[in-house]
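To start, the structure under review is shown below, and the notes come after it.
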Amino acid sequence: MTPHRLLPPLLLTLLLAARPGGALARCPGCGQGVSAGCPGGCAEEEDGGPAAEGCAEAGGCLRREGQQCGVYTPNCAPGLQCQPPEKEDLPLRALLQGRGRCGRARTPSGENPKESKPQAGTARSQDVNRRDQQRNSGTSTTPSRSNSGGVQDTEMGPCRKHLDSVLQQLQTEVFRGAHTLYVPNCDHRGFYRKRQCRSSQGQRRGPCWCVERMGQPLPGSSEGGDGSSLCPTGSSG
């Protein structure tokens with residue numbers, strides 16, 4: 001073979017060697033059965049390390065059973081849900097920190113999963129989440145006393161009600177790590193903070209927007225951007 005015919009293969013080899021991570025982005029969860037959820041040019045990563053930048057930009061791969069997951073990670077494969085550690089006192093915080101694991105839905109022994117019976121474990125998890133919210137917001141776990149007019153001294157703000165509904169949804173539905181999950185950002189009084197953001201997508205920040213204390217978008221503010229924009233200063237917690 002003449003020297004000029006060797007030049008194109010040699011250049012191709014050098015270009016592939018110069019790319020970070022080789023010819024394929026190393027993405028977790030690109031195994032058999034879930035390959036349809038992986039972007040093009042994505043190879044399976046056996047060591048379970050962090051996804052490469054190219055993989056995060058493509059949206060990431062579906063997480064397999066036993067892999068780490070959370071609110072800000074790629075979804076678990078179909079049929080799996082992102083579950084916090086079994087004896088975790090703050091399950092929501094564990095999911096926000098990415099300390100969950102993809103696994104099959106936990107069903108108590110001897111119970112038909114199709115039957116909608118109340119479960120003691122679910123009630124306990126809801127109580128734990130409620131205590132976690134109250135601890136973070138600085139409110140007391142004791143019920144508020146009613147005044148002479150029959151109205152509680154401390155009423156739940158609109159943002160706090162919204163947050164409770166999100167927590168209830170996470171308890172009752174199969175949680176697969178939705179990329180567009182919105183957890184409202186509340187102040188200690190239960191009202192909305194000015195800056196609200198959706199969950200991140202891989203290594204990219206989720207879209208943000210500005211609202212007033214009751215949750216209504218401020219004039220000129222719309223959902224979008226990379227999450228780096230700031231809201232005007234002022235009242236509303």
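For all residues, glycine too, the Cβ spot is worked out from N, Cα and C.
Annotated in Swiss-Prot:
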COMPBIAS  135-151  compositional bias 'Polar residues'
DISULFID  Cys27-Cys30  disulfide bond
DISULFID  Cys38-Cys42  disulfide bond
DISULFID  Cys55-Cys61  disulfide bond
DISULFID  Cys69-Cys82  disulfide bond
DISULFID  Cys76-Cys102  disulfide bond
DISULFID  Cys159-Cys186  disulfide bond
DISULFID  Cys197-Cys208  disulfide bond
DISULFID  Cys210-Cys231  disulfide bond
DOMAIN    26-105  domain 'IGFBP N-terminal'
SIGNAL    1-25  signal peptide
Just to verify a number: CA distance, Cys186 (disulfide bond) to Cys61 (disulfide bond), in angstrom, no decimals.
32
Looking at the disulfide-bonded residues Cys61, Cys76, Cys102, Cys210, Cys231, which has the shortest Cα distance to Cys82 (disulfide bond)?
Cys102
By a simple count, how many Cβ atoms lie within 10 Å of the Cβ of Cys208 (disulfide bond), its own Cβ left out?
20
Roughly how many angstrom lie between the C-alpha atoms of Cys159 (disulfide bond) and Cys102 (disulfide bond)?
29
Confidence summary for the domain 'IGFBP N-terminal' (26-105), mean pLDDT rounded:
67
Quick one, of the disulfide-bonded residues Cys61, Cys69, Cys76, Cys231, which Cβ has the fewest other Cβ within 10 Å?
Cys231
